[in-house]
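*Asks:* Copied straight from TrEMBL:
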type	residues	note
BINDING	His25, His27, His98	Fe cation binding site
REGION	55-74	region 'Disordered'
Amino acid sequence: MVDSGNGKFNLMILCWGEGHGSAIHDHADAHCFMKMLQGNLSEVRFAWPEVSEVEDKENHSGDITGAGPKEGEGLQEIGRTTLKLNDVCYINDSLGLHRVENPSHTEGAVSLHLYCPPFDKCSVFNQQTGKRSYCNVTFWSKYGERAKDEEKAAARKPEDN
């Protein structure tokens, strides 16, 4: 993390190793702007999983982001973009879910991310089943200093992703 914006935003620089990528995730009702600083990244967008009537009633929310997916249904890809040097993209939960990955097996990539408002938890999704898991957001470093190991260990790792 580069800056926490007095609790109004998070500004982060992410370094992507060769072939590395994120899990499919939401943005916890935050707006996300991403700018490419080095290399290329592939952004793959997915529709929110559909929910069954039973799960929706059991959930009592009526909100697709709060209920579980229909049994046996995976996530539907709705778009794919290659981001190159200085390209900027935007996503929020109303646009769907996404995964970001470095398609290169020989070069790293670096991206700048602005999240407003900041968040410390998000949901990740299994592509084949649409199953949601919750996880804490952790940082390798904060303000140029390596994050404490106990902060990183406190994050719950998502299952089946």
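Quick reminder: no glycine exception, Cβ is built from N, Cα and C everywhere.
No curator has checked TrEMBL annotations; they are predicted automatically.
Note that the structure is a prediction, hence the values are computed from the model and not measured.
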*Asks:* What are the other residues, in sequence order, whose C-beta lies within 8 angstroms of the center of the C-beta atoms of His25, His27, His98 at the Fe cation site?
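*Replies:* Residues close to the Fe cation site, other than His25, His27, His98: Ser22, Ile24, Asp26, Cys32, Ile91, Asp93, Leu97, Arg99, Cys122.
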*Asks:* When DSSP is mapped onto helix/strand/coil, what comes out for His98 (Fe cation binding site)?
*Replies:* strand
*Asks:* Please determine which of the binding-site residues listed here (His27, His98) has the lowest count of neighbouring CB atoms within 10 Å.
*Replies:* His27
